[in-house]
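**Student:** This is the structure, below, for whatever I ask next.
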Number of protein chains: 2
Amino acid sequence: MQTLYVELGDRRYPIFIGSQLDPKQLLEPYILGKQVMIVSNETVAPLYLTHYQDALLTLGKNVATCILPDGEKYKNIEHLNLIFDALLQAGFNRDCTVLALGGGVIGDMAGFASACFQRGVYFIQVPTTLLSQVDSSVGGKTGINHPLGKNMIGAFQQPQVVLADMSQLATLPDRELSAGLAEVIKYALLCDEEFLVWLEAHMDGLIARDESLLAEAVYRSCAHKARIVANDEKEQGERALLNLGHTFGHAIESYLGYGEWLHGEAVATGMVMAADLSQRMGWISEAELERTKKIISRAQLPIICPKIPLDEFLAFMSHDKKVLNGQLRLILLKKIGQAIITKDFDVEAMQHAILANQQ
Amino acid sequence: MQTLYVELGDRRYPIFIGSQLDPKQLLEPYILGKQVMIVSNETVAPLYLTHYQDALLTLGKNVATCILPDGEKYKNIEHLNLIFDALLQAGFNRDCTVLALGGGVIGDMAGFASACFQRGVYFIQVPTTLLSQVDSSVGGKTGINHPLGKNMIGAFQQPQVVLADMSQLATLPDRELSAGLAEVIKYALLCDEEFLVWLEAHMDGLIARDESLLAEAVYRSCAHKARIVANDEKEQGERALLNLGHTFGHAIESYLGYGEWLHGEAVATGMVMAADLSQRMGWISEAELERTKKIISRAQLPIICPKIPLDEFLAFMSHDKKVLNGQLRLILLKKIGQAIITKDFDVEAMQHAILANQQ
């Protein structure tokens with residue numbers, strides 16, 4: 001097992017990464033009250049709920065559960081409210097802990113609920129997808145979608161502890177494994193070319209779910225994210241780089257309707273668009289653009305999206321949170337392994353980069 | 001005009017207190033982006049919306065409005081969502097400001113919306129009731145109600161600036177003026193006996209809406225709250241004292257249904273119950289209990305509540321946020337001008353204190 005600390009002063013917390021982790025031993029020091037609400041979904045709960053429930057009961061906790069339907073389309077205010085209902089029906093109070101057992105959607109919703117319930121209670125994350133292990137469980141971003149935009153309503157809420165157990169990836173559908181690899185590749189592209197070389201060497205093993213390779217990929221990705229988040233918790237600067245591929249990706253997800261494409265799939269194609277624009281700006285070579293597409297393809301991820309009318313694509317991009325004073329900022333690649341945030345890009349080139357990577 | 005600073009480090013902000021304040025001059029330094037969403041209600045908007053809208057337009061801002069129905073019963077997740085709808089329909093982004101123009105309900109909802117929209121945008125408060133001027137506009141507590149409890153969902157969100165204009169109290173209904181005085185009296189009881197003497201001398205002038213007396217009462221109350229909040233922003237200790245009368249009061253409001261009694265009215269009777277229990281504990285004298293009841297009565301506030309079955313009253317109290325590890329804590333008076341938070345009280349005496357102050 002490897003342990004990584006996210007350094008956030010008095011909200012410093014550990015991420016435990018390994019296989020067959022023991023929740024009883026690892027969680028005990030981090031649950032401060034008696035009451036624990038496990039929030040999970042209908043897919044994950046039958047597989048892993050009992051394991052965590054039993055561990056918490058052995059620790060003498062008062063455990064309640066809130067099982068939501070599975071899917072990004074339920075990441076809305078109505079289903080958030082079901083968590084509040086469950087917390088109040090259980091009679092839970094200010095010293096309770098909300099434990100997210102599931103992927104990014106469950107983490108986002110349970111985290112946001114824990115940020116708002118009684119104006120903030122304790123939060124623990126047990127991410128059960130590769131995507132949430134490398135991305136949404138680190139950094140404290142939580143929230144829900146709105147019909148007019150993704151993640152438009154939320155809070156920054158740091159967990160007490162994160163348990164990333166590779167054994168639980170065994171039951172993950174292939175598409176979701178790949179979606180997680182999209183975020184892993186993202187870290188290589190944005191800040192670590194050596195990691196890209198490692199991924200190129202081990203992509204077949206990762207796709208075959210070698211647990212020690214997965215643990216290494218999760219560790220390296222989380223280490224990058226933890227470092228960036230610790231430098232810039234509230235996303236004033238460097239942290240925005242983590243959104244490589246996301247502004248394009250959000251437009252794809254918004255147009256297709258949440259849930260059609262997985263988030264990681266949209267980010268994958270979004271990264272291709274960002275790399276394509278970076279190439280058109282003369283920052284990376286055609287060979288580097290092809291190298292980007294190739295590693296994304298080898299992770300069994302889409303490098304083009306369905307046909308989306310340009311005006312609609314641009315309208316969805318303009319809802320992005322990185323719009324500042326009405327001006328769109330994009331995360332682009334100055335070179336492989338070095339991303340920048342910039343508003344100085346050629347708008348026409350951006351439109352070509354979008355159109356060039358559609359069906 | 002008097003200015004009071006709430007000292008919260010890098011989130012330090014001023015409260016401007018006076019009559020006929022100029023919003024253009026006072027707000028300008030505190031609006032950091034171009035976009036301002038004024039959130040108000042159907043009662044306040046016809047009276048004061050244009051005044052603020054014009055000032056902001058003169059400053060070159062992009063102003064949108066969201067007018068909610070008036071009343072505590074609309075302080076729920078559905079109406080919160082209307083603010084998110086308005087923000088997204090206006091195309092507002094991360095650098096926008098939400099300005100609350102109204103009483104405590106509007107402040108709580110607009111503040112919570114500003115805390116959650118895009119995971120946090122700027123917030124300005126223009127409280128138009130005495131209650132919100134002395135209480136809910138200071139301290140950063142925002143939130144909404146849930147059918148199972150008041151203020152159960154929310155966030156700590158500090159404003160950039162607060163404008164408390166006494167001229168706007170001219171249009172306030174008598175019952176609401178009194179409800180505001182309940183919170184003013186609360187500060188005297190919990191930490192400032194000399195202020196109680198001042199209130200006893202000036203209660204008739206306050207009820208007659210003398211603006212300079214009102215400004216002085218608001219300034220003194222806000223100064224106490226600002227000091228307490230600065231010491232204890234997240235309500236770990238001293239800040240809990242501000243809830244004098246609130247645990248009993250919340251039970252009254254919850255039983256009657258939100259909106260039947262005003263919050264300040266419930267707090268008034270709640271303070272009588274707290275004082276009554278303090279007298280039964282031998283901490284204050286019968287004469288001091290009568291003194292407490294008298295100043296509350298002179299503010300035209302209720303000192304008894306309707307008949308509420310004891311088991312239901314206690315059940316509502318147990319939902320209170322001050323329940324820690326299942327143990328009820330109450331704010332009681334060690335003496336007039338000195339409140340404490342304690343779990344060491346006689347439960348039977350508490351029940352008598354509740355029953356003794358019902359119809």
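Each residue, glycine too, has its Cβ placed from N, Cα and C.
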**Student:** Suppose a student reads TrEMBL and sees B:His246, B:His263 listed for Zn(2+). Which of B:Glu183, B:Glu193, B:Glu194 should they find annotated at that same site?
**Tutor:** B:Glu183
**Student:** Give the sequence-ordered list of residues that share a chain with B:His263 (Zn(2+) binding site), lie 6 or more positions from it, and have CB atoms under 8 Å from its CB.
**Tutor:** B:Glu72, B:Gly104, B:Leu131, B:Ala179, B:Gly249, B:Glu253
**Student:** Out of B:Asp108, B:Thr129, B:Lys150, which of these binding-site residues is nearest B:Glu183 (Zn(2+) binding site) by C-alpha distance?
**Tutor:** B:Thr129
**Student:** Do you know the mean pLDDT across the domain '3-dehydroquinate synthase N-terminal' (B:66-178)?
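**Tutor:** Mean pLDDT for the domain '3-dehydroquinate synthase N-terminal' (B:66-178): 95.
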**Student:** Cβ within 8 Å of the Zn(2+) site centroid (B:Glu183, B:His246, B:His263 excluded): which residues?
**Tutor:** B:Leu131, B:Asp135, B:Ala182, B:Lys186, B:Gly245, B:Gly249, B:Gly264, B:Ala266, B:Val267, B:Gly270
**Student:** Starting from the Cβ of B:Thr129 (NAD(+) binding site), draw a 10 Å sphere and report how many other Cβ atoms land inside it.
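**Tutor:** There are 28 such Cβ atoms around B:Thr129 (NAD(+) binding site).
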**Student:** So which one is it: of the binding-site residues B:Tyr74, B:Gly104, B:Asp108, B:Glu183, which has the fewest other Cβ atoms within 10 Å?
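**Tutor:** Sparsest of the binding-site residues B:Tyr74, B:Gly104, B:Asp108, B:Glu183 by Cβ contacts within 10 Å: B:Tyr74.
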**Student:** Taking Cα atoms as reference points, rank the binding-site residues B:Asp70, B:Tyr74, B:Asp108 by distance from B:His246 (Zn(2+) binding site) and give the first.
**Tutor:** B:Asp108
**Student:** Tell me which residues of the chain lie with their Cβ under 8 angstroms from that of B:Ile106 (NAD(+) binding site), as long as they are six or more apart in sequence?
**Tutor:** B:Val39, B:Ser40, B:Asn41, B:Val44, B:Leu68, B:Ala100, B:Ser132
